[in-house]
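Undergrad: One structure, pasted below without further comment.
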Amino acid sequence: MSEIKGKVLKHSEQTRTMHWVHLICFIILGLTGIAFYFDIAGIVNLFGGEAAASDVHHWTGVIFTLAPLVYVLFNFERFAKFIDTITTFTKDDLGWLKTMGGYIPFIKAEHIPPQDKYNAGQKMLGLLVIAGCILMIVTGFPMWLLKHSMPPVLVWLTWKIHFWTAVILILAVLGHFFLAAIHPKSRVEFASMMIDGYVDAEYTSHHNAKWFAELKKAE
Ligand code: HEM
Ligand code: HEM
């Protein structure tokens, strides 16, 4: 177990880099996308006008697509483990969902069951982000490159899916940002993805008890 001065490594450098790249792309795509939809000249001009903002959206979309592919290519085992974790739901995860991990003030949470590397809420966010990003990509490229050769109904459909998936993803990421950076109970894990990769070992032994036990066993 990679432990220094009471801390354990939760996210590797490559994972953190990939998360930063996706986060920056997401902000640019979200801002330009909102500007197109609501016709916000202030944001469009920030990106150099209508044509340039459209180019920025498209080419950021290319990086947004390639970054995870390159990451998976070089980190296949790590990615497979991530998928395995976020698709495994046991009675402990259901127990977490019943109490919402104690994050919601009016939901009683006397006992929060032990969690994996990601709690049940994070698992659901992970699945939503992956499904949402795939939908943005498989609609975005045809909207860009096949707009004039697709039947009008397909153009309409891809546009609708792209827009409504963007709305859901932006709301989900706002919730994720609140929990990761602002909520006093969960923001203690901020540095694990945004800075050096480490989390407090004592905190993790309670918060992610199953994963911590796995690390101890592998030691
Ligand atoms: C999280 C990622 C993304 C978000 C939040 C996002 C958001 C948006 C939004 C809100 C719109 C306006 C939709 C409308 O007018 O109804 C839009 C348009 C568009 N998006 Fe995205 N998008 C994302 C990813 C992508 C990707 C990966 C591509 C592929 C290159 C792409 C290509 C396009 C295209 C072609 C348009 C039509 C406007 C134009 O041609 O400039 N988007 N996007
Ligand atoms: C807005 C600023 C953001 C902040 C401050 C942030 C912060 C974090 C932190 C601290 C973690 C680690 C949580 C843990 O180990 O327990 C994390 C995980 C993760 N982040 Fe972000 N993130 C942001 C934006 C995004 C965006 C834009 C995406 C994707 C579109 C994303 C996708 C993920 C995923 C899939 C995970 C792993 C699963 C999970 O924790 O739910 N994040 N993020």
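Even glycines carry a Cβ here, placed using N, Cα and C.
Okay, so TrEMBL annotates it like this:
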type	residues	note
DOMAIN	11-193	domain 'Cytochrome b561 bacterial/Ni-hydrogenase'
TRANSMEM	20-44	transmembrane segment
TRANSMEM	56-74	transmembrane segment
TRANSMEM	125-146	transmembrane segment
TRANSMEM	161-182	transmembrane segment
Undergrad: For the transmembrane segment (56-74), which partner among 20-44, 125-146, 161-182 gives the most CB pairs under 8 Å?
TA: 20-44
Undergrad: Summarise the model's confidence over the domain 'Cytochrome b561 bacterial/Ni-hydrogenase' (11-193) as a mean pLDDT value.
TA: 96
